[in-house]
Amino acid sequence: MKDKILELLLSTDGYLSGEAISKRFGVTRAAVWKWMDQLRREDGVELESHPRQGYKLKERPDLLLPALIREKGSGRFFEAIDHLSIVDSTNNYLKQLAREGAGEVRVAVAEEQNGGKGRLGRGWVSVRSKGVFVSILLRPQLPPALAGNITMMAALAGAKAVGRLGFDAKIKWPNDIVVEGKKICGILTEMSANMDAMEWAVLGMGFNVNQMKEDWPEDLLDKASSLRMLGGGRKVERTALLAALLTEMDGLYTKLEAGAFGEILEEYRKHSATLGKRVRVIDSKGEYTADAVDLDEEGALVVRTLEGEVHKVLAADVSVRGLMGYV
């Protein structure tokens with residue numbers, strides 16, 4: 001209801017009376033007052049109120065509202081957007097909807113997560129209204145073995161979206177987006193599948209946008225950063241980033257559906273922060289140092305060890321020298 005009231009305020013010039021709001025949504029004046037109070041206290045929305053005239057916005061809120069996102073883009077990735085004030089995880093939210101039969105494409109974005117997670121079960125710090133914490137429900141016609149293609153597609157979409165804002169974004173294989181050697185986005189793909197095909201896939205992406213140094217725990221300061229910190233302290237418009245992401249995702253997902261993963265991979269290589277670099281790999285073979293030389297046709301990382309052996313890395317923890325604190 002808060003989002004609906006906000007969208008009504010955004011579309012109204014001047015004051016909007018409590019009576020008009022109550023009639024519009026079929027609620028009591030007391031309920032309207034309650035929602036307005038929550039918008040102020042919980043969401044930080046600056047409202048002017050007048051006993052006779054009602055309510056109006058002092059300024060456009062820095063919230064990831066569907067109405068504000070749709071001002072900056074259109075297409076199937078903009079049609080069904082759920083805005084959540086706080087949630088344990090946008091991935092969990094969409095996984096539940098997927099189990100209930102929700103169709104693609106469904107987008108969930110949260111101002112805050114209190115149970116966000118990344119690859120290998122690692123936690124993800126989600127500072128309220130300073131990042132973009134978004135998940136996307138897809139139902140791709142792909143075998144489960146190609147789930148990594150979806151993750152790499154998302155990484156490329158994220159890097160291109162950040163690039164639209166003027167940053168030189170690269171991808172650390174397979175799914176970390178970095179700017180100036182600092183991680184600014186992580187991706188987690190979760191899915192349900194049978195033996196032959198995926199039933200659904202949920203792509204979760206967490207972008208560090210307007211966090212500052214005081215928002216980070218000490219152990220992350222050498223690895224993570226935000227676009228604002230890397231941009232000299234200039235605040236970044238979160239809705240612009242999210243709209244750019246959804247636009248890029250639409251184009252790349254169309255290619256993936258058409259079986260053109262090779263085109264995605266070619267563009268991914270151009271954004272790679274891993275290829276041509278010395279890396280440290282931890283996988284089923286143990287821990288070893290190698291040179292990252294290429295990606296195969298399915299997106300696996302091809303490395304050459306210091307002894308000259310060539311391996312394909314499918315699922316591993318890969319550190320790239322010079323990125324995210326690895327020296």
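Note that Cβ sites are derived from N, Cα and C of the backbone, with glycine treated the same way.
Per-class residue totals from DSSP over the DNA-binding region (18-37), listed helix then strand then coil: 17 helix, 0 strand, 3 coil. For 18-37, the entry in TrEMBL reads DNA-binding region.
Residues or ranges marked as domain 'BPL/LPL catalytic' by TrEMBL: 63-257.
In the three-state DSSP reading, Gln113 (biotin binding site) counts as strand. Marked as biotin binding site by TrEMBL: Ser89, Thr90, Asn91, Gln113, Lys183.
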Please indicate, using numbers and ranges, the residues of the same chain that are 6 or more beyond the DNA-binding region (18-37) and have a C-beta under 8 Å from a C-beta there. 1-2, 4-5, 8, 47, 49, 54-55
Could you check the binding-site residues Ser89, Asn91, Gln113 and say which one's CB has the fewest neighbouring CB atoms inside 10 Å? Ser89
Simplified to three states, DSSP reports Lys183 (biotin binding site) as strand
